[in-house]
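**Student:** According to TrEMBL, the feature region 'Disordered' maps to B:1-23. Here TrEMBL flags B:8-19 as compositional bias 'Pro residues'. According to TrEMBL, the feature transmembrane segment maps to B:35-58, B:89-116, B:128-150, B:156-177, B:205-227, B:261-280. Here TrEMBL flags B:90-277 as domain 'ABC transmembrane type-1'.
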Amino acid sequence: MTDNQVGVGAADTAAPLVSPVPAIELHGVVKEYRVHGELVQAVKGVTLAIAEGEFFSLLGPSGCGKTTTMRMIAGFEDPTRGTVSLHGGDVTGVPADKRDVNMVFQSYALFPHMNVWENVAFGLRRRKTPEAEIKRRVGEMLAIVDLTGRERRRPRELSGGQQQRVALARALVNRPRALLLDEPLGALDLKLRQAMQTELKRIQREVGITFVYVTHDQSEALTMSDRIAVMNNGEVEQLAGPREIYERPATAFVAGFIGTSNLLTGTVDRVDDGCAVLALGDGGRVLVAGSAHAAGDTLQVTVRPEKITISAERPSGRVSAARGTVEDVSYLGTYTSYAVRLPEGTEVTVFQQNAFDSSTTAEPGDSVWLSWQPHHSFAIGS
Amino acid sequence: MSVKSAPAPVPPAPVPAAPAPARARSGGRWADRLLRIYAVLLLAWLFAPIVVMIVFGFNDTKSKSNVTWQGFTVKWWGRLGDYPELMTAVFNSVTIALLATAITTVLGTALGLAIGRYRFRGAGATNVVIFAAIASPELALGASLLSLFVSTGVQTGYATVVIAHVLFALSFVAITVRARVLGMDPSLEEAARDLGASPWTTFRLVTLPSIAPGVVSGALLAFVLSIDDFVITQFTSGPLTTFPLWIYGAVRQGVPPQVNILGTLIFGVGVVIAITHSVLARRRVP
Ligand SMILES: Nc1ncnc2c1ncn2[C@@H]1O[C@H](COP(=O)(O)OP(=O)(O)OP(=O)(O)O)[C@@H](O)[C@H]1O
Ligand SMILES: [Mg+2]
């Protein structure tokens, strides 16, 4: 596995590559701001290609450059270096009103002095669409977002979810070749958020256009996206499908940012049948399948909490095994979370499903064995 | 469901709640009454001169000075044209105010947008100058303008008064517009651009409607400031006479009742404008 999966070449993914020409292509894009005379790099060389019809997410912590990247695609910012292409044509330096993409703003940015109908018709009016066609398309779009009958309302007379749908309709009615959404569900409560996630996916399938979705919510990105670019500090750390991002994080940052992850460090003892073996204290060991490491290498290995099994006896077979002491047990409904301290001091989190006849119950202070399959250990790039 | 559960919570609520408001009301009664008396006194104090002005427009005065009540008449209303120079002065005041307001509104809106929106070299200095223009004494402003016009050889008159009025009203428009600009979501304009609007269309359809209340307030302020300005006009008018200047000149021989009538008319227009403005303000977009 490569350390830095930035780029067009990330083909080992679930991307529905319909068209050979990417809908959106960033090449070596850098954005610098001058803040109080000091140069700040908000985006540090991002290269990626988004396929036609794809649901693509930019995921990362606050301040990692997601919005800046999206604003360069929309045309609100010009890259300091690098190029932006839409459907094969270089649009670097082209203003926003001349680009065939539309954006849904985090604040919705609905025009407060116009009603719902006028808001949605705004884009079509600018392109001198015939009035009869505007009438038809706006009506259709309001039906899709379930706002028929609210045409005469002003934005402030709508609920947050309704405003969000107006913003979506206002962008989609223009049939852009790509839709950019900057944390569009950020202002909604959890329930509405989940309903809107399903809704957005449905609409995307229905209209079949490319969605670029900015979020800092990992579960949102995992459930909705075809592919995800995980960003950190202005760079793309990993670009892959949701399953791969979750199961095979490429860097320690990705492992830590997506879900809960355990990080173990050790030195390769020997390589056995394509499987690196790291020795842990107290007779424990970690097997890493398919790793290209040699004896003597120091490795960082991640393993997801739900892949680990707890047992009282040392497990047999070709598995990773570690001895530890239970420090904390939290019952969380569908599963129980255990915090287990290894002899070398590392704390490991373990999730055990609360099955009907759950017998593996451990108490704080118990000495237990943890085990997991070799293919659930991942060596990550440093 | 809500119908059934509705009666249940209602009865217990008033029982504990009742004594508290009663006590609060008796305690607040005196404060209420004092506040009302204070408000009435304040309004009386503010309106007394205006009432006197209006009433003395109906005074059947026999002498040149119009200071003692001598009976009711409406005859002065038919004799507004007795003083042609007064009519000219009023005409000058109104046209200067309209002209200055128009120029000030355009320039002040542009200035308000600039200082509210953009960071540019000299933005800080511009802010200081704007507040300095408001804070500086009219006397100083008038005197310095006069010396500027004299030293540059500009003939003082109608044009210089308009220039002077634009100058001192500009800051007020810029400040009211800036307040609206600062309260406006900057992504509104980006959304308009994103939807295909050119910069000019964006300004016309999105920016201007958003800042309109500030522009209107600023324009009204500019008009009111211009029409009754005395000090700066005195310095910059040369041979020109405006309504306030004419009254000042007439004080020595006694102000005729026609002045009261014209004052009443101007006041009436002001009241209409103020009412219109507050009605419009109630319909403002938040
Ligand atoms: N106009 C600007 N001037 C200066 N610095 C900026 C500007 N815009 C963004 N930055 C900086 O660039 C970095 C990336 O900002 P960006 O808005 O892209 O983050 P983000 O990933 O969208 O974060 P969030 O999740 O909080 O919205 C931040 O450190 C920010 O301070
Ligand atoms: Mg952002």
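Cβ coordinates are placed from backbone N, Cα and C, and glycine is handled just like the others.
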**Student:** Other than its close neighbours in sequence, what residues sit by the transmembrane segment (B:35-58), given a CB gap under 8 Å and a spacing of at least six beyond its ends?
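**Tutor:** Counting only partners 6 or more residues beyond its ends, the transmembrane segment (B:35-58) has Cβ contacts under 8 Å with 66, 69, 72-74, 76-77, 257, 260-261, 263-264, 267.
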**Student:** Near the transmembrane segment (B:205-227), which residues from the same chain, at least 6 beyond its ends, have a CB less than 8 A from one of its CBs?
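**Tutor:** Beyond its ends, the transmembrane segment (B:205-227) has Cβ neighbours at 93-94, 96-98, 100-101, 104-105, 108-109, 112-113, 165, 168-169, 172-181, 184, 188-189, 191-192, 197, 243, 266, 270, 273, 277, 280-281, 284-285.
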**Student:** Within the same chain, where does the transmembrane segment (B:89-116) have neighbours whose Cβ lies under 8 angstroms from its own Cβ atoms, ignoring anything closer than 6 residues to its ends? I mean 6 or more beyond.
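**Tutor:** Distant contacts of the transmembrane segment (B:89-116): 123, 126-127, 130, 158, 161-162, 165-166, 169-182, 207, 211, 214-215, 218-219, 222-223, 226-227, 240-246, 262.
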